[in-house]
There are 2 protein chains.
Amino acid sequence: MEALRCLPGVGPKSASRMAFHLVERDRVGAERLAHALLAAAEGVRHCRRCRNLSEAELCSVCADPARDASLLCVVETPADVLAIEQATGFRGQYFVLMGRLSPLDGIGPSELGLDRLEARLDEGQVRELILATNPTVEGEATAHYLAMLARERGIRSTRIAHGVPMGGELEYIDGGTLAHAFSGRREV
Amino acid sequence: MEALRCLPGVGPKSASRMAFHLVERDRVGAERLAHALLAAAEGVRHCRRCRNLSEAELCSVCADPARDASLLCVVETPADVLAIEQATGFRGQYFVLMGRLSPLDGIGPSELGLDRLEARLDEGQVRELILATNPTVEGEATAHYLAMLARERGIRSTRIAHGVPMGGELEYIDGGTLAHAFSGRREV
């Protein structure tokens with residue numbers, strides 16, 4: 001039970017429920033989970049090229065020759081890569097910051113591996129840098145900084161669209177998003 | 001209590017709580033509410049020009065000479081007008097559909113007053129038609145229909161931006177919105 005509490009969202013009650021379930025009813029599942037955890041804890045590292053989580057030295061996206069190296073999408077976390085892979089037909093490559101610029105927390109360009117990103121931009125293959133950081137204050141600041149890096153090298157940078165979410169209703173959207181959606185309207 | 005139940009979201013319990021509160025502790029409030037309801041039920045009608053709710057024949061926006069008549073924003077409901085007025089610095093005028101195209105429910109162009117909208121576009125003052133219907137299936141279909149009306153008259157039409165809401169996180173956004181935000185990315 002004590003060990004299970006390291007899982008996010010698991011308190012004492014859930015931990016004891018999980019522990020009893022595994023011990024009383026699913027010992028095979030418990031063993032499989034143990035092996036998977038060991039393998040992950042030992043084997044998962046960061047892709048040398050994009051900093052995403054990966055078991056090999058190069059992640060599956062970076063290792064895939066069919067992916068378009070001229071499109072580079074910058075995201076904050078590996079979960080964002082997963083979301084984009086599942087939702088869109090994006091066929092380019094990624095760079096995972098593993099965070100966002102946050103000077104107050106001591107997170108600057110070097111903590112985000114931006115030297116590696118700069119080196120990659122300098123290679124000359126990237127033609128479009130897609131800034132897919134979150135539309136939070138820190139995510140926006142990070143996007144601005146990255147856009148500057150791209151501009152210095154004459155590379156085009158684009159920002160994913162912000163506005164009313166699909167299926168949403170104007171009436172219930174927050175004012176900031178509505179103002180953004182309004183000023184960012186596009187020709188039909 | 002029975003009469004209070006006509007309010008949306010008010011069930012038997014809330015109705016009895018409200019009724020007792022008004023009778024036991026706030027008779028003045030009850031009277032003021034009664035007068036306001038009578039005045040609203042008798043006096044509120046639709047603005048002759050934009051179909052928004054209004055007490056006068058022309059609503060305050062249509063009657064204001066300072067508003068820019070060359071920008072016309074089409075919304076589904078009066079609540080949308082309120083949201084846009086509060087959130088954005090929009091200084092143009094509105095047209096309120098009081099619904100959206102929905103052939104299955106028998107709501108076609110004439111129910112939405114599109115003849116009046118067409119007449120207004122024919123006046124020649126409008127230079128940009130801003131389509132601010134909701135990003136739902138029916139709202140999108142309505143926007144397409146309206147864009148067609150604008151195109152026939154050589155008027156520019158724009159759609160408010162759709163994408164990740166401000167402050168949102170890519171990881172938790174639905175796939176449709178993320179795909180839309182990705183394909184709708186813009187130059188920084």
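Heads up, the Cβ atoms here are built off N, Cα and C, so glycines get one too.
Record note: among B:15-30, B:47-62, B:63-78, B:79-94, B:47-62 is the stretch given as zinc finger by TrEMBL.
Mean pLDDT for the zinc finger (B:47-62) in the predicted structure: 93.
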